[in-house]
Amino acid sequence: MSTKPDMIQKCLWLEILMGIFIAGTLSLDCNLLNVHLRRVTWQNLRHLSSMSNSFPVECLRENIAFELPQEFLQYTQPMKRDIKKAFYEMSLQAFNIFSQHTFKYWKERHLKQIQIGLDQQAEYLNQCLEEDKNENEDMKEMKENEMKPSEARVPQLSSLELRRYFHRIDNFLKEKKYSDCAWEIVRVEIRRCLYYFYKFTALFRRK
């Protein structure tokens, strides 16, 4: 009688391991970074939408504004390294959120895929940021000297503001004692956040 659950569990882990293998293969080449970011972000958006059937009406009264930094909402021409840093910070913070006392009614398959995608993405981005650092260290001073005054004032995507944003989400979950409504609100909010990051991948591709 236990054959069916066992088979389901085996299939689930096989799919998860396949996801790890694919991500690991892509991580060998930072030239494929945009392909990876676009694919994983889109998959996570789909998983977040599939984790719950619909947003409970009774949770509307608990909904709050987490204030995703305006620079992320309005930024249209970020530098590649800014995007990488922002994606790296988002991946770490979102992974930490989804590794806590998650909503018991969420579909485990989707949650596991999100966790794996974010974890592999963070490792991949860290590798590429290190490569950028090594490649550009000698050119940094030259570029700063050649930079025009108007370019020097271009705002950067702030990792600090992004950390504060996720800190507000984390505090909300703690204050609500990780209630079902709190997790549903957070699910929708992080899906919104990922939507803006998905738009960044298009900018990255045009660079």
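Cβ coordinates come from backbone N, Cα and C, glycine included.
Pulled from Swiss-Prot, these are the features on record:
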- 1-27: signal peptide (SIGNAL)
- Cys30-Cys128: disulfide bond (DISULFID)
- Cys59-Cys181: disulfide bond (DISULFID)
- 118-148: coiled coil (COILED)
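Within the same chain, residues at least six positions away from Cys30 (disulfide bond) with a Cβ under 8 Å of its Cβ are Gln127, Cys128, Glu131.
A count of other CB atoms within 10 A of each Cβ picks out Cys128 as the most crowded of the disulfide-bonded residues Cys128, Cys181.
Around Cys59 (disulfide bond), a 10 Å sphere centred on its CB holds 16 further CB atoms from the protein chains shown.
In the predicted model, the coiled coil (118-148) has a mean pLDDT of 74.
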